[in-house]
Amino acid sequence: MHNNFITTEFNRLLINDILIYLIPLVGVIVWDFSDSKIVFLTSTYSIGFILFSKLSGTLIDRYNSRIVPIYTYFCYIGMILLFAWMIHQNVQNELFIFVMICLLSFVSCVLEINTSVYIPDHFLNQLTMINSHVQLMRSLVNFFSPIIAFTLSNNIMITFIVILILQFVNLCMYIKSLNRNHSDNISQDFNTDKVRVHALKYIFSNRKLVFVVLVTMGINFSLTILTNTLVIYLVRYLKVEHTLAGVLIGLLSFGAIIGALLPKYLIKKYSFEKSIGIVNFVLSMPFILLISHSYLFFIGVFAGYLCRSFGSVLRTTVQHQVIPEKIRGKVNSTIYLFTWGTIPVAGYVASILLNYISLNTLYIIVVIIFIVSNALFMIGVKDDKDLLET
């Protein structure tokens, strides 16, 4: 069960990241849109966490984390086929493209929130290990996805075939898992309205969750802007060849792989409390190299991915530990509304700011937000000795 879940997560995350790179690539190569328009459309892929988080949580709580992905993948496959057809026909109607990306964002949101419920539902006694493995999968995907997307950029239809194969594999694995655990296919019966009212109150009444939300919002805001502009910066301004750009981004993302492996060792050495506080802050400091005009810029990107990956394992562990089973879908969807909802907001803000300031000035803002956000947990865990040692 553990291996099957990790495999489906790797496939899901790979699909997601390929699409994130595919949208700006199509914007440059096929549609020839402006920088701000490309950033806007790329950011729209994450708008589902604002528009559909609550609906996603309701669906997952109403049914369960095994059955929801099956129906979602059926819809996902249909949407990918339609999107591929639109690109093949060179459809450049901005409204159609926006709606299509919003629909893809919806299924991405459902699957992401489903994962946040599935893990504590089935791996409650192995949270740090599972979260570390999932983060490792995210980090590996960060390495492979740009290489795949950029290498296949000259034949985008092959990229869609790869996505469809990954979707079919996940669909089959979830169906197989459902058949093995038929007794789990029982919807939960509880007062949905009551849970909806209590979800936001529960978050703000729990000090740890408040800091999880604030820190994650800041990190997502800053690194979303970096990710959304990095492709444009390399391809359009540095004129880096597509395959080389993909390899370069993949190598920079290798920092995330290291970050996913560090928690296991640093928690043993410094404790969970110090790791999520002072250690995480120290790891964020090299990100200041992002504002350098030399090769140090790439070291800053590498360090940023490492720090995000390390902190993500710890914050997710805290989140899974403190949320009761019956309201996981509702509370997690509310958390995602704020944290992942920051992603499209960041993209839209960057899209506007790029009309008035330079990319380097924008990166200065990004660095400040990132480092300040990572410092917040030093306050959040101060005198808080009840963080679970995992």
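Cβ atoms here come from the backbone N, Cα and C positions, even for glycine.
Keep in mind that TrEMBL annotations are predicted by a computer and have not been checked by a curator.
What TrEMBL says about this protein:
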{"type": "TRANSMEM", "residues": "12-31", "note": "transmembrane segment"}
{"type": "TRANSMEM", "residues": "37-55", "note": "transmembrane segment"}
{"type": "TRANSMEM", "residues": "67-89", "note": "transmembrane segment"}
{"type": "TRANSMEM", "residues": "95-119", "note": "transmembrane segment"}
{"type": "TRANSMEM", "residues": "140-169", "note": "transmembrane segment"}
{"type": "TRANSMEM", "residues": "209-235", "note": "transmembrane segment"}
{"type": "TRANSMEM", "residues": "247-267", "note": "transmembrane segment"}
{"type": "TRANSMEM", "residues": "287-307", "note": "transmembrane segment"}
{"type": "TRANSMEM", "residues": "335-356", "note": "transmembrane segment"}
{"type": "TRANSMEM", "residues": "362-381", "note": "transmembrane segment"}
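Counting Cβ pairs under 8 Å that are 6 or more residues apart, the transmembrane segment (287-307) and the transmembrane segment (335-356) reach fewer than 3 and are not in contact.
By the Cβ criterion (distance under 8 Å, sequence gap of 6 or more), the transmembrane segment (67-89) is counted as touching the transmembrane segment (140-169), at least 3 such pairs being found. Same-chain residues lying 6 or more positions outside the transmembrane segment (37-55) and placing a CB less than 8 Å from one of its CB atoms are 19-20, 23-24, 27-28, 94, 97-98, 101-102, 104-110, 112-113, 196, 224, 228-229, 232, 330, 333-334, 336-337, 339-341, 343-348, 350-351, 354. Sequence-remote contacts of a segment are chain residues at least 6 beyond its ends whose Cβ falls under 8 Å from one of its Cβ atoms, and for the transmembrane segment (12-31) they are 37-39, 41-42, 45, 87, 90, 92, 97, 101, 104, 108, 111-112, 115, 137-138, 141-142, 144-146, 148-150, 153, 156, 159, 162-163, 166-167, 170, 227-228, 231-232, 235-236, 242, 246. Relative to the transmembrane segment (209-235), the listed stretch 335-356 leads the set 95-119, 140-169, 335-356 in CB pairs under 8 A. When each of 95-119, 140-169, 247-267 is scored by its Cβ pairs under 8 Å to the transmembrane segment (335-356), the top-ranked stretch turns out to be 95-119.
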